[in-house]
Amino acid sequence: MAGVTEGEDTKVIESKINELNIDKPKLEDNNEAKGNGNGNESGDDDDDDKEEDDDNEITEPSTSTASGDEKKKKNKNKKKKKKKIVSIDSSYPEGIFPEGQWMEYPLEDINSYRTTSEEKRYLDRQQNNKWQDFRKGAEIHRRVRHKAQSSIRPGMTMIEIANLIEDSVRNYSGNDHTLKAGIGFPTGLSLNHVAAHYTPNTGDKLILKKDDIMKVDIGVHVNGRICDSAFTMTFNEDGKYDTIMQAVKEATYTGIKESGIDVRLNDIGAAIQEVMESYEMEENGKTYPIKCIKNLNGHNIDDFVIHSGKSVPIIANGDMTKMEEGETFAIETFGSTGNGYVLPEGECSHYAMNKGVEHLKPPSERSKQLLETIKQNFGTLPWCRRYLERTGEEKYLFALNQLVRHGIVEEYPPIVDKRGSYTAQFEHTILLHPHKKEVVTKGDDY
């Protein structure tokens, strides 16, 4: 979730099998059973459920009886059963989840002792429960985005896409958006010049089109430990978005590489900017420089708080603040062919209760009741109107706006660059262990 600075011949045999009404053997997906090196288990093939296309099969002349023909017809009309998504815990009954990608810290002269220090390793083991929460969330994230990447197609409504992703998070986490585990923040599905913070409200009719470039920003939390990771999807076959996608992905990896204990935030931003702005995008004979969106940042993450104080710039901004041991950061970059600066525009869908507002009194009885619903279901985690409606809330907009005006709830409207421009995003969550950093959300896809 974006941090905002103020100011992705067998046919004949098959035919005979059908005639005899013999079930075809089902091949097991090895990934479902054991996953891959990054914990990318593909146990979510339930979205590949299609009716068998028997009309195009080659068949030999048959002397089957009428009853045989009837059986064949019934067989033909059968649909494959959908696999039900089950909680991730069933795959890891001992509660030990796949680790992310480990990386050495930069500043070798300062941090080389961390790799071999037994004391640092001991300190790391003391926080094992925390790391396992992040790894569980990251494994859910990988499975959910695998399902999204294999299922999302042009022609789907944004509501359909959001429900696909969010229901998968709920099912894999085994929770329906509770404070124990589930959705970490509203699913971002921002298109084209919209850079971040768009998710559909109920009744939104927006449809994904073939030429759209869509940022998919998914949050998963376990016990308040939020995994924040995003990718960009395109469906255009002429490759026009390849350059901006490559620029942003490479800039994000540069930010991850440069991050570490005692590293200054300005230095990370400068490295990101150098990579991002070395790219150009061509469209219709015109060349557009790819710019960092300078008022969007990465950010550190605290328990139940997605933006926790420190911002990781994607340009050199002079911030001499250092990253510290034990912190968690979302390293994200945004590239644009527009102005490289975003402004709020459009109907708001994202909200979050502010921290430290216990002393603020809701202005009405209805807003007080609404605030209780927010506290019980989301705490300080971000949420959207659709999630509020799942709790049973109706006719809440006036009360919600009262909470916003009184500073109890913060609103995060969509943020956009100039119309007609294109924006892209990639993001990973990193954990600053005492001895190494872990890119916990890393997968085979990005």
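Here the Cβ of each residue, glycine as well, is placed from N, Cα and C on the backbone.
What Swiss-Prot records for 1-85 is region 'Disordered'.
Annotated compositional bias 'Basic and acidic residues' per Swiss-Prot: 8-32, in sequence order.
Taken from Swiss-Prot, the feature compositional bias 'Acidic residues' applies to 42-58.
Residues annotated as compositional bias 'Basic residues' in Swiss-Prot: 73-85.
Per Swiss-Prot, the feature substrate binding site maps to H197, H307; the stated evidence is sequence analysis. In this view, H307 (substrate binding site) is surrounded by 23 other Cβ atoms within 10 Å of its Cβ, with every protein chain counted. Under the three-state DSSP scheme, H307 (substrate binding site) falls in the coil class.
The divalent metal cation 1 binding site annotation in Swiss-Prot covers D217, D228, E427. The Cβ of D228 (divalent metal cation 1 binding site) has M1, G184, F185, D217, G219, I301, I306, A330, E332, E427, T429, T441 as same-chain neighbours under 8 Å, each 6 or more residues away in sequence.
What Swiss-Prot lists as divalent metal cation 2 binding site is D228, H299, E332, E427, and the listing cites sequence analysis. The C-beta environment of H299 (divalent metal cation 2 binding site), restricted to residues of the same chain at least 6 apart in sequence and closer than 8 Å, consists of G3, I306, H307, S308, K310, S311, V312, F329, A330. For the recorded site, H299 (divalent metal cation 2 binding site), the DSSP three-state label reads strand.
Take the mean position of the Cβ atoms of D217, D228, E427, the recorded divalent metal cation 1 site; other residues of that chain with a Cβ within 8 Å of it are M1, A2, G188, I218, G219, S229, A230, A330, E332, Q425, T429.
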